[in-house]
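Annotated in Swiss-Prot:
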BINDING   44-51, 78, 104, 183-191, 241, 256  GTP binding site
DOMAIN    34-306  domain 'Septin-type G'
MOD_RES   17  phosphotyrosine
MOD_RES   190  N6-acetyllysine
MOD_RES   211  phosphotyrosine
MOD_RES   218  phosphoserine
REGION    44-51  region 'G1 motif'
REGION    101-104  region 'G3 motif'
REGION    182-185  region 'G4 motif'
REGION    260-270  region 'Important for dimerization'
SITE      156  site 'Important for dimerization'
């Protein structure tokens, strides 16, 4: 008697259906189970509202115990690296978010060396990932590479400062830079547009590479294409952050209350906060891919080239040492051979003298 075939493996309604179409669902389930990792760096002068904006973006308090330094402490203050990691879960999707803050940037009178600490940190994360990737246990690598850098630009100037230009050029081949105009509520709409245009012109003039959003695919829906167009047109993003809930038009909103009215953080007519958050969420995967395929690969290639030359030099040094030792051994062997020959000649001469003396006796 033949066994009955399990009905769950029979699909009579769609003959010829193999099931490859289910692969994206498998990838999705695996990704959701594993969770996602993202590292965001924020850089800018003190007082531009970096911490407030980050707390507003992710609806959390990443800096509950921060102490604001006084003016005297800022004069000789050096750049520090403060990494805060939080686990965020939304509808079953887990995100391990690391925010790297850089307090002290631009505060000291002499900012000549303020880049070094930040650049060293970025390179150290690349180096750590390269080391882990080259190890035996590669299944559980924690990705601490910096995937995006929000660079905060002061709204009180007339464009980029020399410090802004120098810093962005120092890191633009290492990380995705997203320029952000801080405290946009200090500017009128016309002032904001003029400042944006001036910053973009200076970025192009100095050949600074910022993160460019990829074009929408031709098969994307029109709403997504329009969203992408609006996001691109908003760079650099002019933003307002606030941790306070205030009442506006009968509802509680995050915002700032002024004598002349209310600035709502999440109102796209007031600032680009929602656009910045939308860009970060919808392009998080692309930011990671650009980090992996461009910035990390550049670092890895340069690192392996330097490592190759280093090994080559070490091998040359070893060969040179071996040659020198072989030459030294040959010299010692020749010296010993000469000494043996001299001793043999002396012994032969001594035997002759002894014989004649005996003969005379």
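Note: Cβ is positioned from N, Cα and C throughout, glycine not excepted.
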Pairwise CA distance, residue 156 (site 'Important for dimerization') versus residue 104 (GTP binding site), rounded so that it is a whole Å: 19
Least buried by Cβ count (within 10 Å) of the recorded positions 156, 211: 156
Recorded positions compared (50, 190) - the one with the fewest other Cβ atoms within 10 Å: 190
Helix, strand and coil totals (DSSP H, G, I; E, B; other) for the region 'Important for dimerization' (260-270): 0 helix, 4 strand, 7 coil
Secondary structure content of the region 'G3 motif' (101-104), with strand meaning DSSP E or B: 0 helix, 1 strand, 3 coil
Alpha-carbon spacing, the residue listed as 'phosphoserine' to residue 185 (GTP binding site), which is rounded to whole Å: 37
Whole-number Å value for how far the residue listed as 'N6-acetyllysine' lies from residue 44 (GTP binding site) (Cα to Cα): 24
Integer mean pLDDT for the region 'Important for dimerization' (260-270): 84
Residue among binding-site residues 185, 191 with least C-beta crowding, 10 angstrom cut-off: 191
Residue from 47, 50, 188, 190, 191 whose C-alpha is spatially nearest that of residue 211 (phosphotyrosine), among the recorded positions: 50
